[in-house]
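Structure record follows, encoded as structure tokens.
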Amino acid sequence: MEKFVIEGGHQLKGKVSISGFKNAAVAIIPAAIVAGDKCTIENLPNIKDVEVLGEILQELGADVAFDSQLKTMHIDSSKIQECYAPYEMAKKLRASYYLLGAALGRFKKARVAYPGGCDIGTRPIDQHIKGFEALGAKVNIDHGIVHVEADELVGAEIYLDVVSVGATINIMLAACRAKGTTIIDNAAKEPHVVDVANFLNSMGADIRGAGTDVIKIHGVDEMRGCTYSVIPDQIEAGTFMIIAAATGGDVVVDNVIPKHLDPITAKLREMGLEIEENGESIRIMGNGRPKKCNIKTLVYPGFPTDLQQPMSALLTQAIGTSIVTETIYEGRFKHVDELKRMGAKIKVEGRVAVIEGIERLSGAAVSATDLRAGAALIVAGLMAEGFTEIENIHYIDRGYENIEQKLVSLGAKISRSIEI
Ligand SMILES: CC(=O)N[C@H]1[C@@H](OP(=O)(O)OP(=O)(O)OC[C@H]2O[C@@H](n3ccc(=O)[nH]c3=O)[C@H](O)[C@@H]2O)O[C@H](CO)[C@@H](O)[C@@H]1O
Ligand SMILES: C=C(OP(=O)(O)O)C(=O)O
């Protein structure tokens, strides 16, 4: 089992380049099925989730070649005949549910086991199902497998009861091959929704309004392969901004879309950090302990749930008491018990964490319980006095490319060690 060993207390300085967006990549790879042609996807992050999705498409019958140096995946999905993703395949990640929309669009039929992913609360798919049914599909769940099937997909007006990234993307995947026009009302506006729409449009789809809360999809008969480059990872970039703040460092986070980082920049400025935006990079200059700050996770352009855990870690050393409210996932406080091992003063009541800032955390042996909990423990370990050992780092490898190498290049003392 691998673990990270961190010696805390070193200021980070320098420039770090951000990889492609995991949460866009995990939708774009399954989306490549829709056209049934050859696609080249560039700027993919070299992370476990991308590797696993490539393997899943291969098992479904596609030719897949991932060049991890060039960060490019070539997918020829023309040989896929049908989409059956049993539990062993689908449980590996939450994003396997995008196979439902993609295969429904192309084959009018799919069978995919209920999705897996990090345990951060219930992850219902009722809005995905509502969308598929509105397009004319019959959906039933039998022995853990979601079956979707339609004689014909027909465009419809779909109002989402909750703003859901997954449902918005899944409905776009199916609707781009439906007859007529689909309107998704109360759609998610996240950058990854826009990236997937742009990818589908590059394959010949006709999707308008992605990035607003009304998306119009005119179904098309034909789609074709394309070459597409994934946008930079908003969450990896935000994590490095938080790390820079946590270590009182001076870090340029490069290859980002600063607009996507507005909610993080605003909060860090509120905490007293100096931040400069410069084209495709953001410079964060820390100076001692940050001020307290309240955080409420919201759909985009609100503060992203995926950064709540790393931000909570930073707030453990803020001056004053901060209140963190998690509105998206009720189970996203599993990092709290681990932070407490390091001396953090946090009380959780339901979806609210009250964090009383202390002078300094102390290094301890801790365990990652999910991807962003792992990122939070890295933030904490880099701030803490002494050594922190983080177990279960396979969660972190799901979503961060070469995180320890990127941190070492900024002057952090972190290494990966293998325990037998
Ligand atoms: C809005 C939001 O922050 N979405 C994040 C969520 O996306 P992900 O796609 O996992 O989640 P959704 O955006 O679909 O879910 C948002 C909320 O809607 C609820 N819901 C969702 C679908 C459904 O059919 N029924 C339902 O009730 C969920 O329980 C959740 O409370 O996690 C991803 C990975 O961490 C992030 O990249 C997304 O930015
Ligand atoms: C929880 C996450 O990923 P997933 O939805 O793929 O489990 C995440 O990216 O923070």
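Placement of Cβ uses the backbone N, Cα and C atoms for every residue, glycine included.
Sequence annotations record features per position, and here TrEMBL assigns domain 'Enolpyruvate transferase' to 7-407.
Within the same chain, the residues at least 6 positions away from K22 (phosphoenolpyruvate binding site) whose Cβ sits under 8 Å from its Cβ are P45, I47, D49, V50, D233, I235, E236, R398, G399, listed in sequence order. Secondary structure at K22 (phosphoenolpyruvate binding site), taken from DSSP and collapsed to helix, strand or coil, is helix. The phosphoenolpyruvate binding site annotation in TrEMBL covers K22, N23.
In the three-state DSSP reading, R123 (UDP-N-acetyl-alpha-D-glucosamine binding site) counts as coil. Taken from TrEMBL, the feature UDP-N-acetyl-alpha-D-glucosamine binding site covers R94, R123, P124, I125, D126, Q127, D306, I328.
Annotation source TrEMBL lists active site, proton donor at C118.
Look at TrEMBL and you will find C118 tagged as 2-(S-cysteinyl)pyruvic acid O-phosphothioketal.
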- Message: List, in residue order, those binding-site residues out of K22, D126, I328 with a Cβ under 6 Å from any atom belonging to ligand 1.
- Response: D126, I328
- Contacting binding-site residues, sequence order - R94, D306, I328 vs ligand 2, Cβ under 6 Å: R94, D306
- Count, for each of the binding-site residues R94, R123, the other C-beta atoms lying within 10 angstroms of its own C-beta, and report the residue with the smallest count. R123
- Query: Going by DSSP, is I328 (UDP-N-acetyl-alpha-D-glucosamine binding site) part of a helix, a strand, or coil?
  - Reply: coil
- Item | Least buried by Cβ count (within 10 Å) of the binding-site residues D126, D306 | D126
